[in-house]
């Protein structure tokens, strides 16, 4: 009976976890290699779902460029979809997957004005920002996957503190106004914090997979949030730097 279960678990850990209690399965198996296979299966499903979410956000951004749909309503739609996803039980995979795609599309439409600005300014900036984000995500997320168990989970407290500082900075800038130096601090601090979250969230997903958690839709949402936060900040930084360079060139031409 046990060998039959082990064989089934090795061949299809997802199906096995649906029909057996995942925690009992992991205790019964008690083998690091099998746990690794199980975790890899979960991670693969998370990354495939993440790719679908990124594609949906690209569709949302494209719809904004065509029909100018991005704005406050799409932000509300994104928030509502995420709340609906988180309130549903994990076994309702199809509904939760649909809500994730809806949230991604709404989020893509919400950042559509920024993407449209980048295209109007210099379309190569958009491509460079996306490729740079993808490379950063692959490197840092890959490092977390290959690291020892729980090696980077200690970053959670540090990153939470950084995120709190970022929120307070944004709150202060909304009241007292935002200087150029303050904007740079927010952008670069936010970039650093969310790159850290790429590492932390990836290792947390892997650790949860070790303990039998199969909620790949929620995990994909977490990584999607990290990816988009880094992408937006890189894009804003690149647009700002290019704008400053253009202004410097204009000033030099006028001075001549």
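Positions of Cβ are set from backbone N, Cα and C atoms, glycine also.
No curator has checked TrEMBL annotations; they are predicted automatically.
These features come from TrEMBL:
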- 38-63: transmembrane segment (TRANSMEM)
- 70-91: transmembrane segment (TRANSMEM)
- 125-146: transmembrane segment (TRANSMEM)
- 152-169: transmembrane segment (TRANSMEM)
- 220-239: transmembrane segment (TRANSMEM)
Take the transmembrane segment (220-239) and find every residue of the same chain, 6 or more past its ends, with a Cβ under 8 Å from one of its Cβ atoms.
46-47, 49-50, 53-54, 57, 82, 85, 100, 103-104, 107, 111, 114-115, 117-118, 121, 125-126, 128-130, 132-133, 136-137, 141, 187-188, 190-191, 194-195, 197-198, 201-202, 205
Give the nonlocal contacts of the transmembrane segment (38-63) in its own chain as ranges (CB under 8 Å, at least six residues past its ends).
9, 13-14, 17, 26, 69-70, 74, 97, 100-102, 104-112, 115, 145, 205-206, 209-210, 212-214, 216-217, 219-221, 223-224, 227-228
